[in-house]
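Visitor: Residues annotated as domain 'PAS' in TrEMBL: 1-55, 103-174. The domain 'PAC' feature in TrEMBL is assigned to 176-228. Feature annotation from TrEMBL assigns domain 'Histidine kinase' to 241-466. TrEMBL lists 487-603 with the feature domain 'Response regulatory'. The annotation 4-aspartylphosphate is assigned in TrEMBL to Asp538.
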Amino acid sequence: MLIRPDGRILSCDKALPRRLGVGLQEFIGADIYSFFDPGIAMVRKKAVAAAIKTGESLRYRDESKPGRVYDTRILPVFDKDDRLSSLAIFVGDISAEERAKRERRKLAAGIEQSVDAVIIADMDFNIEYVNQSFEAMTGYSRREAFGRNLGKFYKTPQQEEKFKMCVELLTKGESCSNRFLLVSKDGDVCVCDQSVSPVRARYGVILGYVFVWRDATQVSKLEKQLRQAQKMEAIGALASGIAHDFNNILGPIILHTELCLSKTSKDDPIRASLPEILDAAKRARALVEQLLHLGRSRGRDTPIPFRLSTLVKECTKLLAPGFSPGIRIRLQFETQSDLTLADPDQVHQVILNLATNAADAMKEFGGVLTFTISNQAIGESDWSRHPGLPAGEYICLTATDTGHGISPICLKKIFEPFYSTKTRTGGMGLGLSVVQNIVARMRGSISVESEPGLGTSFHVLLPKAHAPEAEAPAPPHTRRPLRKTPRILFVDDEEALVGSLGAALKGLGYAVECRVTAAEALGAFLHRPDGYDLAMIDYFMPHMNGLELARELWRVRPGLSVVLFSAYADKIPARELEHSGIKAFLPKPFDLESLEKTIAAVCGEATSTKS
């Protein structure tokens with residue numbers, strides 16, 4: 001476009017008037033500034049005035065119109081007398097180029113500030129660019145990283161294999177993603193998820209590769225915990241099933257043995273063996289309880305008061321057979337006031353973990369693992385040793401081994417996730433970082449002392465629970481005389497238990513009718529509804545559970561006394577029994593004493609209610 005110094009248009013190309021929406025004839029000779037808003041016109045007048053004043057060419061970015069950027073050049077034109085006759089104005093719309101520049105700047109800033117490490121490498125996998133997250137993750141500065149081959153970051157043979165797989169895919173033009181362990185310059189280990197893609201020019205030519213590394217340490221930790229939880233759930237379900245079946249086997253053994261004891265004289269040579277059989281069966285019952293304990297839900301922490309010494313004894317009994325022959329366990333309880341408030345399931349896991357770690361430390365040469373329980377008062381002055389722990393009374397559980405000990409450097413990292421002093425994986429432990437979390441959730445603390453060559457001690461502090469006031473000891477059990485002999489309907493789908501318990505109850509003088517299905521029991525009851533004072537029913541039976549059968553019996557005869565029993569007590573919804581009308585619940589396997597007590601309590605209550 002060519003204009004006079006006063007702004008009148010002398011000539012122009014055809015595109016400008018068309019863009020402004022006027023005809024060429026109308027445009028020539030018009031005032032160029034009249035086609036713009038006053039603000040835009042003022043900016044452009046000043047630029048022209050500056051060129052006129054200096055007599056020199058002028059170039060500037062015209063951003064006066066919102067959303068547009070123009071590259072404008074103004075060239076003064078002089079006549080043969082060297083007088084300014086006109087001005088040539090060249091305007092280029094560079095809005096698209098400027099937008100592209102801004103996008104590139106944003107992209108560069110985004111890559112630079114990304115929390116993920118971003119690396120651009122050439123065709124030989126030598127580093128050309130890294131962002132600041134790479135520096136933070138690896139400990140290498142940009143200067144140290146530049147030109148370094150990426151293969152050097154994959155330290156172990158397993159990691160090198162993962163890098164080779166990526167290289168093979170990338171050289172074929174494909175992308176690659178996997179997880180590897182990144183060892184930083186300082187030796188710290190980070191779990192990384194990496195995603196790698198080729199960088200392509202026009203027509204698909206590969207210029208290099210872009211690597212994105214994301215810190216997946218926390219994600220990996222959660223995945224590991226989930227796998228552990230799923231494994232424990234599967235083991236628990238298996239253990240629970242075995243335990244319940246075993247309980248059904250133990251029931252007849254206990255009942256028949258007790259029945260034999262009641263029927264044999266003191267001079268009978270067989271009698272000497274019966275208490276041993278009964279004791280072995282009861283020890284087996286205690287072992288079954290441990291298996292059931294393993295199968296129970298671990299979803300929530302449920303703090304309850306319990307004696308820590310009892311739990312330690314149970315755990316060490318389970319662990320001792322699995323330890324190496326040279327490892328001995330010693331229990332040293334320095335207090336009788338060891339009632340603590342915590343979740344026994346979770347504390348059980350803590351004890352198992354500490355014991356397993358200690359056994360691993362003594363595996364080669366043997367040694368002694370000592371569990372000590374003592375009382376400890378924490379005051380305000382102890383805050384530095386137990387940060388965050390409220391002042392008060394605590395139960396201290398100390399696990400001390402005589403193993404190889406832990407070096408001071410390792411001791412500083414002992415509770416960090418994924419840190420281990422073991423040279424290989426294995427064992428039952430959940431990891432000391434998880435143990436620390438469990439103890440913290442119980443409002444306690446854990447600390448460690450160790451010296452290389454002399455062994456290690458872990459000290460666990462748990463809140464002390466105050467014991468309730470002692471109650472008068474219960475008098476020894478004696479058979480309570482009933483006003484009449486109870487007539488009992490006994491229902492269980494385990495034929496062995498039905499036979500043994502029927503014989504045991506008859507031997508004790510009760511009138512018993514036994515049935516092995518709910519249908520049989522209901523048929524017998526309908527035939528003679530007033531012929532029974534008490535119904536004892538197994539909860540889990542085919543086709544109709546115990547509570548459903550009880551409701552059918554109550555429909556015929558309201559107020560009948562019903563006792564439920566089951567080896568699956570932990571699987572019966574508590575709400576279902578709360579207001580059901582059931583008089584009592586007996587967990588299997590039960591002995592004659594608990595059976596007699598229950599019958600006496602229920603039938604005595606029923607008799608006194610009627611009188």
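Including glycine, each Cβ sits where the backbone N, Cα and C put it.
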Visitor: Note the mean pLDDT of the domain 'PAS' (1-55), expressed as a whole number.
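Guide: That stretch averages a pLDDT of 88.
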Visitor: Under the DSSP assignment, what numbers of helix, strand and coil residues are found in the domain 'Response regulatory' (487-603)?
Guide: 54 helix, 25 strand, 38 coil
Visitor: Show which residues of the chain containing Asp538 (4-aspartylphosphate), separated from it by at least 6 in sequence, have their CB under 8 Å from its CB.
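Guide: Within the chain, Asp538 (4-aspartylphosphate) has Cβ neighbours under 8 Å at Val491, Asp492, Asp493, Glu494, Gly546, Leu564, Phe565, Ser566.
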Visitor: Count up the helix, strand and coil residues in the domain 'PAS' (103-174) according to DSSP, in that order.
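Guide: Grouping H, G, I as helix and E, B as strand yields 41 helix, 11 strand, 20 coil.
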